[in-house]
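Asker: First the structure, then my questions, so here it is.
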Amino acid sequence: MSRPGTATPALALVLLAVTLAGVGAQGAALEDPDYYGQEIWSREPYYARPEPELETFSPPLPAGPGEEWERRPQEPRPPKRATKPKKAPKREKSAPEPPPPGKHSNKKVMRTKSSEKAANDDHSVRVAREDVRESCPPLGLETLKITDFQLHASTVKRYGLGAHRGRLNIQAGINENDFYDGAWCAGRNDLQQWIEVDARRLTRFTGVITQGRNSLWLSDWVTSYKVMVSNDSHTWVTVKNGSGDMIFEGNSEKEIPVLNELPVPMVARYIRINPQSWFDNGSICMRMEILGCPLPDPNNYYHRRNEMTTTDDLDFKHHNYKEMRQLMKVVNEMCPNITRIYNIGKSHQGLKLYAVEISDHPGEHEVGEPEFHYIAGAHGNEVLGRELLLLLVQFVCQEYLARNARIVHLVEETRIHVLPSLNPDGYEKAYEGGSELGGWSLGRWTHDGIDINNNFPDLNTLLWEAEDRQNVPRKVPNHYIAIPEWFLSENATVAAETRAVIAWMEKIPFVLGGNLQGGELVVAYPYDLVRSPWKTQEHTPTPDDHVFRWLAYSYASTHRLMTDARRRVCHTEDFQKEEGTVNGASWHTVAGSLNDFSYLHTNCFELSIYVGCDKYPHESQLPEEWENNRESLIVFMEQVHRGIKGLVRDSHGKGIPNAIISVEGINHDIRTANDGDYWRLLNPGEYVVTAKAEGFTASTKNCMVGYDMGATRCDFTLSKTNMARIREIMEKFGKQPVSLPARRLKLRGQKRRQRG
């Protein structure tokens, strides 16, 4: 059947004759130069029901899809089940994390077992079958490299469960009746349902990974399915196991990914999944990823034009703990004058938490030079941030040696700390599962089951309660809020990794920091906790909201995709209205986040940077992800030089530590470091700044912040108060200073006794 107005019956007969003449051409069809220019003008609508008449295009096939579908309802179970080369072990439905063995992330889906070579090479569809087993990367359903327009299905329940939602690891929102549900779900539960991927070029398909529906309330997954391929979306060839259709074993629960590799690779443009059975109490719903190698096509200008390449000579692979340590050592040997490797503590399993320092004087704090840090891997399965930081360290070293003026200036004027893996225990667990089979949560938590991202003390509540009682800043400061004693006790549920980070941040006077996370494309800034306790989402700004907005935008706007209005959402949230940025509390509330703790307990302004929709992309995607984030990573580091900086000294020129720097109109102060130097992040404008310290007279200045990069110098010299001078003189001569309140009380007592 052809579309009305698209072809005459005579032309259709000619095409049919050409197709039948190609049967048995022994693969010559793949060399047909007309293939590359053919238009799929006769393609049926994507959501139409497959017609049995299509089988007339494939007379050599023993049974077409339509015939098989007519027989299937009479059988209680599929007659044959394929033995998967990489089947995940069976687990209970409540199993939280899958541990598929031997799935190293830098060898994604590479190891295979032998299987029978499929028969039936004589067919009308131009499909090539390979004898040699080959491993191929994912096509990119999870990373969104495959667009929504390339996904099609027979039927859908509703738009929110359309084919475009059938992506591996896609997450549903809390409200599952909106446009953002967690799978493709067929409109009917029968054997004629399918979901299809158009690769838009010849591709060597090698495997399929499936999941059930992501849902808090429903249990839906496919337990077995067939795989079909086509070059024109009309004539389909089912993957065979000998002489019969191969039935692949699907999922046994809804979250653990299951891999099935094809017995032999199939070369085609389209691939279709046809569910054969599903969970008894559920519906036909699935998420998936396709493994395939696009074939070179010199005639296709579109693909050549859109290929992402990088010129940076970096180590684009996933590194386990040992390899990460070795890479750090190599970088240190390449750039010994600007790098230093150290550790901030140990994980629960005893793995050292290594960091790389980059500075022209590594190992020491230079007066007047700001400190910056990047952290990644708080969630062990969010691997992209870890690899981006390892790439960043290599890049900075190479560019410094090449005397790149921008990088040289950054290194000489900034002390940079890079902590690529805060949760190495979790990462090793995710690394063992691999990039595609780890699911959404394998390795997220520490070894003792703690989520580091919300394991810091909740200082927000302490501050807000004090503000409600009007005790700020008289009794409770608006900054440097002390950690509660219960949190410091050994019995507190605090991860070893969390304690290590807190000690690290208290030791080094960080000014700006970014913690890299995954699963979204957005930059989140504090506060992360809502102020209204009965709400789960509420815009909760800090006193420095305008500064945080700029810092977030500086990263998002220089990222290749974050502010692209044409890109689709990763899962459920559309952050384009805020230009790729979001206030953490207005997104979802988190108590005890690193961002809030850093802002309220230290001088550091911390933001969460979500660098990709795919938490654990295949290593073949790392060059593209590096290109997406490279400029952003550098620009964000440069923001540490925005605002004002200076020294607070006494009349003898000695730096005053812990002096308070206040900015009029901003209810959040910072303090000077041990040498009396300070850095205050501010947007361009004129500010009234006050420096004060115990025992000194406060000093106020007008400080101007310009638009050019580089902090404005604003120094203060404080003189001691009269009482401080008296105390100093009396201590010098060995006498105790007079306590005026005590003396007044003594005089009053004497007067009472005299009257009595």
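Cβ coordinates are placed from backbone N, Cα and C, and glycine is handled just like the others.
What Swiss-Prot records for 68-78, 113-131 is compositional bias 'Basic and acidic residues'. Residues or ranges marked as compositional bias 'Basic residues' in Swiss-Prot: 79-90. Summarising the annotation, Swiss-Prot assigns disulfide bond to Cys136-Cys293 and lists sequence analysis as the type of evidence. According to Swiss-Prot, the feature domain 'F5/8 type C' maps to 134-293. Look at Swiss-Prot and you will find 317-640 tagged as domain 'Peptidase M14'. Swiss-Prot lists Asn231, Asn241, Asn281, Asn337, Asn491 with the feature N-linked glycosylation site. Taken from Swiss-Prot, the feature region 'Disordered' applies to 51-131. Annotation comment: Swiss-Prot describes 1-25 as signal peptide.
Give me the lay of the land around each of these features.
Answerer: Take the CB of Cys293 (disulfide bond) and look out to 10 A: across all protein chains shown you find 18 other CB atoms.
For the recorded site, Asn231 (N-linked glycosylation site), the DSSP three-state label reads coil.
Around the Cβ of Asn281 (N-linked glycosylation site), the same chain contributes Ser219, each under 8 angstroms and 6 or more positions distant in sequence. Asn281 (N-linked glycosylation site) falls within neither a helix nor a strand when secondary structure is assigned with DSSP, and so counts as coil.
DSSP assigns Asn337 (N-linked glycosylation site) to coil, not to a helix or a strand. Summarising the environment of Asn337 (N-linked glycosylation site), the number of other Cβ atoms within 10 Å of its Cβ, over all protein chains shown, is 11.
Summarising the environment of Asn491 (N-linked glycosylation site), the number of other Cβ atoms within 10 Å of its Cβ, over all protein chains shown, is 6.
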Asker: Mean pLDDT for the domain 'F5/8 type C' (134-293), rounded to an integer?
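Answerer: Within the domain 'F5/8 type C' (134-293), the model's average pLDDT equals 94.
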Asker: Distance check, please: Cα of Cys293 (disulfide bond) against Cα of Asn231 (N-linked glycosylation site), rounded to an integer number of angstrom.
Answerer: 15
Asker: Going by Cα-Cα distance, pick out whichever of the recorded positions Cys136, Asn337, Asn491 is nearest to Asn231 (N-linked glycosylation site).
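Answerer: Minimum Cα distance from Asn231 (N-linked glycosylation site) across Cys136, Asn337, Asn491 lands on Cys136.
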Asker: Quick one: pull the CA-CA distance for Asn337 (N-linked glycosylation site) versus Cys136 (disulfide bond), whole Å only.
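Answerer: Here the two Cα atoms lie 41 Å apart.
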Asker: Where Asn491 (N-linked glycosylation site) and Cys136 (disulfide bond) are concerned, what is their Cα separation in Å, rounded?
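Answerer: With distance taken Cα to Cα, Cys136 (disulfide bond) is 48 Å from Asn491 (N-linked glycosylation site).
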